[in-house]
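Copied over from Swiss-Prot, here are the features:
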type     : residues : note
CARBOHYD : ASN84    : N-linked glycosylation site
CARBOHYD : ASN183   : N-linked glycosylation site
CARBOHYD : ASN311   : N-linked glycosylation site
TOPO_DOM : 1-15     : topological domain 'Cytoplasmic'
TOPO_DOM : 41-398   : topological domain 'Lumenal'
TRANSMEM : 16-40    : transmembrane segment
Amino acid sequence: MRARWGRRGARRGGPGLPGTHLALLAASLLSSSVAIYVCWKQLPPLPWASPSPPRPVNVLLWWEPFRGRHNPRRPPPDCQRRFNISGCVLHTDRAAYEEAQAVLFHHRDLVKGPPDWPPPWGVQMPPVEEREGLVMDDEGQEAEAETSAALGPRPAGQRWVWMNFESPSHSPGLQGLAGNIFNWTLSYRADSDIFVPYGYLYPRTHPSEQPPGLVPPLARKQGLVAWVVSNWDERQARVRYYRQLSQYVTVDVFGKGGPGQPLPDAELVHTVARYKFYLAFENSQHLDYITEKLWRNAFLAGAVPVVLGPNRTNYERFVPSNAFIHVDDFPSASSLAAHLQFLDRNPTVYRGYFRWRRSHAVHVTSFWDEPWCLACQAVQKAGNQRKSVPNLAGWFQQ
């Protein structure tokens, strides 16, 4: 499959054509121009070429992800200002359900109790008299459930969007979701209806041979390997591999649990920037599951990522092959350690892992504002096209 990060154009130049070939070249160019013109005339107009603004779209976020028990609601983002997406009217108030063209459902909140889906597919909250002693997630949960129970049938044309950024290994309750409830999927999977990766590379506007920050100053890199891990589990492949690797090379561990040193999130990038390598080890291995561990923790910090996740081919759909080191490239943890030590002694070879920065820069997705706005944009582009997801679990767990 074609890489999604793109490639630079071929370099121009070369010897001139002999005179005898000029006529043939002119004829070829003329026929090519006609073909291109015909193809271009058959293309639909580009979104930004339309003089009319996109139609306003109302998008309701049914649960605010990871809001917490006592945290106040965050105001919806300004999609125009943040992401240059106009025509979006975003809501967290369920009173807007009837007018919403799309409703976003975050999977983790979807499957944990108490259930309060909108009708008619959702299992509603029990009556008030049956809810004594029920533990609410926050003070507003009960009021929201009562609002849900008062809602009418699903409005015609309304799209339900299943949103999830966890891997199948950490997405319980998938089998309990009936088919054809949702119209669209929104996730890190490239085959989602709304593809929202944790990050991506984009071409620099003005590529140069030495853009600022191309190669972080090696003098600042006082450590060799760093790893930030939030949930320590000895059963995970990433912990088992760390146990092997740390026998041959020093790995400084940060985060909660295990041997890690506490590290505030605000200090993560600054801390990792002092290391040459970063273990971008995912908590599970699944198709396209490449998280902020690569995009923010490694790339933004200016460390070379050592990845453990999907296979190398999957990574190369999104980043150049020389931008990372994959554990699968080595027969053992000891051979990987030897390679890292070799790169530590050879700065010229090490700098080769930063060559891609000459042409591309890193974008890290802004959760949860960016997916919300992208869902709005998807509704605008889809028009009246209809679809549903017949087997959500079967698709996501493949």
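The backbone N, Cα and C atoms fix where each Cβ goes, glycine too.
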* **Residue, out of the glycosylation sites ASN84, ASN183, ASN311, whose Cβ gathers the largest set of other Cβ atoms within 10 Å** => ASN183
* Restricting to the topological domain 'Lumenal' (41-398), report the mean pLDDT as a whole number. => 86
* Structure fact -> Rounded Cα distance, in Å, between ASN183 (N-linked glycosylation site) and ASN84 (N-linked glycosylation site) is 25
* ASN311 (N-linked glycosylation site) to ASN84 (N-linked glycosylation site) - Cα separation in whole Å -> 34
